[in-house]
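Chemist: Dumping the structure here so I can ask a few things about it.
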Amino acid sequence: MEGINNFKTPNKSEKRKSVLCSTPCVNIPASPFMQKLGFGTGVSVYLMKRSPRGLSHSPWAVKKISLLCDDHYRTVYQKRLTDEAKILKNLNHPNIIGYRAFTEASDGSLCLAMEYGGEKSLNDLIEERNKDSGSPFPAAVILRVALHMARGLKYLHQEKKLLHGDIKSSNVVIKGDFETIKICDVGVSLPLDENMTVTDPEACYIGTEPWKPKEALEENGIITDKADVFAFGLTLWEMMTLCIPHVNLPDDDVDEDATFDESDFDDEAYYAALGTRPSINMEELDDSYQKAIELFCVCTNEDPKDRPSAAHIVEALELDGQCCGLSSKH
């Protein structure tokens, strides 16, 4: 690949009603009666088992607004959850989590029900691996995740003209031994124009700080589909390093039993590193990782024009399982 070798408002009640009216009546239990699967900013995700009258139905993952949110943030998260429901309902792709319902629970909180097949987030798997072996995921697994994520992003970008806006390991769910790989949490997605650019002046790129590209950190940065590609590259980096981008803990020569103190965190270095490509310890990765490293590097080029599109990543990865030959001009 050229360049790859060189890398050293409507009324809220009305809005809610319009979404809920198209959803059949669903009885969502109160939070204490469901198993908690995880949580995010302002929301929690629960397992809802559905077996009425002795019938067996597939379970759902139910995302609910946290009851602990104050009124201001509750309004923000309610809008975000409503937006996510409206977007998710119109998506249909094997690498995007499926919509099931949007309604209110018995405690009055808004709920988004999604498909659930026993998945864990990629972030959970990274944390588990860090505690167990501490070794990177096999290169073949990383490339499999890359292909399935790229297919989901290609669908969002090309067919739905949507920027996901918050790609990271926490927003990828995995079933079993990487049998299925799906992107979730489309609540901060932004519309793309025909040039794959976010042009809506009211649109605000949310993202999550360590995964943000340089253009999203600039005051007048132009956001395109390549913002997702940058965060996608950092997600592959997470699988190779088992770390959060740019959040550097003490050096390896520090006593393993030593407690990490918040005062040890270098704020200045962290903020200076945001939007850049984090380094990789090449001594920990053998030759089998070369393709994954190349893909990570080209996706995290600072200039968005030098990153491949999701469609081109898919094309390259599907060609005999190879990812060499990626051009940075797509």
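Cβ coordinates come from backbone N, Cα and C, glycine included.
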Chemist: Out of Ser58, Ser135, report back the residue that Swiss-Prot marks as phosphoserine.
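Modeler: Matching Ser58, Ser135 against Swiss-Prot annotations yields Ser58.
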Chemist: Can you tell me whether DSSP puts Asp166 (active site, proton acceptor) in helix, strand or coil?
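Modeler: The residue in question, Asp166 (active site, proton acceptor), is coil (DSSP, three-state).
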Chemist: Give the mean pLDDT for the domain 'Protein kinase' (31-330) on the 0 to 100 scale.
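Modeler: Mean model confidence (pLDDT) across the domain 'Protein kinase' (31-330) is 85.
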Chemist: Which whole-number value in Å describes the distance between the Cα atoms of Val45 (ATP binding site) and Asp166 (active site, proton acceptor)?
Modeler: 17
Chemist: For the recorded positions listed here, Val45, Asp166, Lys168, which shows the highest count of neighbouring CB atoms within 10 A?
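Modeler: Of the recorded positions Val45, Asp166, Lys168, the highest Cβ count within 10 Å belongs to Asp166.
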